[in-house]
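Report on one structure; see the data block that follows.
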């Protein structure tokens with residue numbers, strides 16, 4: 001591995017010399033120009049330059065579509081095979097017969113798995129900012145199942161409508177029959193699929209860094225450029241953030257599989273750096289992905305799942321509501337919406353949502369719905385800004401050779 005890294009470094013040095021036409025350019029001036037270009041790109045956002053941002057976003061979209069069209073055109077055999085497979089699956093889906101019961105069962109499981117894996121990928125990739133799908137989707141789902149399990153004294157919710165809607169079964173269990181393990185088992189599939197999605201979402205930084213190291217080319221990714229700058233200034237790093245990043249990099253590089261497993265198992269915002277580090281130091285794919293998959297889909301997922309289940313268990317929730325009511329002065333007014341929300345959820349579980357309480361919307365659920373809308377909108381805005389900045393970088397890269405020849 002060390003020999004491969006040395007060869008890659010030699011190729012990169014050679015390419016840098018060719019890039020500057022044999023002239024030894026001061027590295028500080030090159031870094032200063034990169035910094036100015038990065039700051040210029042960071043100003044291309046919707047709330048500062050809306051027209052330019054939308055224009056660059058549209059042009060970047062067209063460039064990406066053109067690139068993908070070209071790739072698909074050069075892989076016609078794969079495209080034709082995929083279309084034939086799609087035609088066979090479509091015919092199987094719509095043709096009546098005894099096989100339809102199996103088709104419906106497979107469709108249900110496929111959509112369930114695809115939904116949670118997709119949310120996991122969105123949480124990891126994000127194109128600049130992750131869509132925090134654990135807080136928005138998986139966490140509330142686990143909390144709902146936990147509250148329903150303690151209210152119904154059972155996890156055998158009728159299917160359908162579960163998982164779209166949770167209602168108590170006609171024959172409810174006896175008090176105290178619900179265990180922590182039964183709730184963990186009920187949400188295991190959703191949680192594991194979400195964890196698999198987050199592991200898949202960590203692959204792009206790994207492949208980008210690995211390709212850049214093998215080819216010796218300068219990648220377009222700013223995180224990778226920051227990673228290289230961090231390695232160059234490793235000895236002089238003083239701030240906490242830089243030392244934390246270096247600690248992750250050293251752990252992954254020196255410990256290998258178990259270092260990656262440790263980073264993936266503990267919730268932390270620095271795991272993208274682990275993917276870049278593994279790619280940069282040419283860690284084998286299955287070592288990286290295997291450790292990431294085990295860490296995120298099994299260990300980390302059970303930690304997060306256990307935390308949510310304990311936090312939303314019946315006695316903890318009742319204690320929290322009582323604690324809110326004990327706040328001097330404003331306690332009762334703050335406690336009331338929580339009590340109304342919990343009572344409304346209990347009535348829904350027992351098929352009594354149409355009677356007993358008014359149908360007016362609780363402000364607690366209203367706030368959560370608006371929070372989801374705001375976070376999804378911010379995620380979409382971040383994608384637009386990121387793609388616009390990518391197109392601005394294309395323009396800067398086209399202008400650089402012209403500037404050097406002046």
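Each Cβ is built from the backbone N, Cα and C atoms, and glycine gets one as well.
Residues or ranges marked as region 'VTT domain' by Swiss-Prot on the basis of similarity to another entry: 173-316.
Taken together, the residues of the topological domain 'Cytoplasmic' (2-43) have an average pLDDT of 60. Sequence annotations record features per position, and here Swiss-Prot assigns topological domain 'Cytoplasmic' to 2-43 (among others).
The topological domain 'Extracellular' annotation in Swiss-Prot covers 64-77 (among others).
Here Swiss-Prot flags 99-109 (among others) as topological domain 'Cytoplasmic'. Here the topological domain 'Cytoplasmic' (99-109) is broken down by DSSP into helix, strand and coil counts: 10 helix, 0 strand, 1 coil.
Marked as topological domain 'Extracellular' by Swiss-Prot on the basis of sequence analysis: 131-250 (among others).
The feature topological domain 'Extracellular' is assigned by Swiss-Prot to 295-306 (among others), with sequence analysis given as support.
Among the features that Swiss-Prot reports, topological domain 'Cytoplasmic' is placed at 328-363 (among others), with the record citing sequence analysis.
The feature topological domain 'Extracellular' is assigned by Swiss-Prot to 385-406 (among others), with sequence analysis given as support.
According to Swiss-Prot, the transmembrane segment annotation covers 44-63 (among others). Within its own chain, the transmembrane segment (44-63) is flanked in space by residues 381, 384-385, 387-392, 394, which lie at least six positions past its ends and keep a Cβ under 8 Å from the stretch.
Annotated transmembrane segment per Swiss-Prot: 78-98 (among others), in sequence order, evidence recorded as sequence analysis.
The transmembrane segment annotation in Swiss-Prot covers 110-130 (among others) and is backed by sequence analysis.
The feature transmembrane segment is assigned by Swiss-Prot to 251-271 (among others), with sequence analysis given as support.
The feature transmembrane segment is assigned by Swiss-Prot to 274-294 (among others).
Here Swiss-Prot flags 307-327 (among others) as transmembrane segment, drawing on sequence analysis. Residues 139, 142-143, 146-147, 150-151, 180, 183-184, 334-335, 338-339, 342 of the same chain sit 6 or more residues outside the transmembrane segment (307-327) yet have a Cβ under 8 Å from a Cβ within it.
Marked as transmembrane segment by Swiss-Prot: 364-384 (among others).
The DSSP breakdown of the topological domain 'Extracellular' (64-77) into helical (H, G, I), extended (E, B) and coil residues amounts to 12 helix, 0 strand, 2 coil.
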